[in-house]
Amino acid sequence: MKSNIDKQAVKNFLLQLQDQICQQLEAADGQAQFIEDAWQREPGEKLGGGGRTRVMRDGAVFEQGGVNFSHVFGEQMPGSATAHRPELAGRRFEAMGVSLVMHPKNPYVPTSHANVRYFIAEKEGEDPIWWFGGGFDLTPFYPFVEDCQLWHQTAKNLCAPFGAEIYNEHKAWCDRYFYLPHRNETRGIGGLFFDDLNEWPFEQCFAYMQAVGEGYTQAYVPIVEKRKNTPFTERERQFQLYRRGRYVEFNLVLDRGTLFGLQTGGRTESILMSMPPLARWEYAYQPESGTPEAQLSEFLVPREW
């Protein structure tokens, strides 16, 4: 598996993907632009490297969102990582990726998340250990069946060239991963999720990661365009803020990437970029039966689209 590994090609793609996604989301918003915060790790820190954090605020469509590129490296993996993968002990490592979350203002536009990443751990005289990961998922507040079908059909189409079962496997993985056991519900309607992908040749794994990265806006932008001008009232806004609380719960309690980043001295501002600007909690809230708010629960279980 050592041959044909091209770290620079992966990095070049990720930088270009960040540019492309930002341009497409700015066009969908029509008003706000991403502000870039380029950062570098200080010498002597646990991790070296840097990245480009891009944040959009107070747009016509997006209340807040971020599209982050990072490329970090270290001389050895943290103990939290090698406990489950002892073969990584004593290896220097690099991790690079693009991660994004968009929180729309209009409750009829779903929140979306996407991430693609590459990891490699190397040691003199031994084959490198590498893998790709990523995916995208959608969190509607007032879901429409046709939007969910478009989202999943886009995912299914991009998976098709890589194997008949890839969509089913990575959809099911997404449903399992974005699940809140303390609420007994999924975070949203899912999409794709994969990790530790290295069983194919490097070029094929890289091509799949590229397809997933580029598939995000193909799936999301048409939904944004369709829903962004839907009228809404304070009632829908309050429900959106309440449901955003679930997003916060998942990210701070369950998300592996958030926990890993905070435990390993990652850049806190970039890690917490995924948080919504406003959210609320209400004790023992139950939506009135028969209302659109009550219907959301029907979508928060794994199902075929």
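A Cβ is built for glycine as well, from the same backbone N, Cα and C atoms used for every other residue.
Binding of substrate is annotated in Swiss-Prot for N115, V116, R117, G265, G266, R267; the matching candidate from S99, S289 at the same site is S99. Note: G265 (substrate binding site) has non-local neighbours E45, K46, L47, i.e. same-chain residues 6+ apart with C-beta under 8 A of its own C-beta. H113 (active site, proton donor) and H103 (divalent metal cation binding site) are 9 Å apart (CA-CA, integer value). Per Cα geometry, H113 is the residue among the recorded positions S99, H113, N115, V116 nearest to H182 (divalent metal cation binding site).
Residue annotation for substrate gives S99, N115, V116, R117, G265, G266, R267. The furthest Cα pair among them is separated by 21 Å.
Taken residue by residue with DSSP, R267 (substrate binding site) is part of neither helix nor strand, so it is coil. In this structure, of the binding-site residues H103, R117, H152, H182, R267, the smallest number of CB atoms within 10 A of the CB marks H182.
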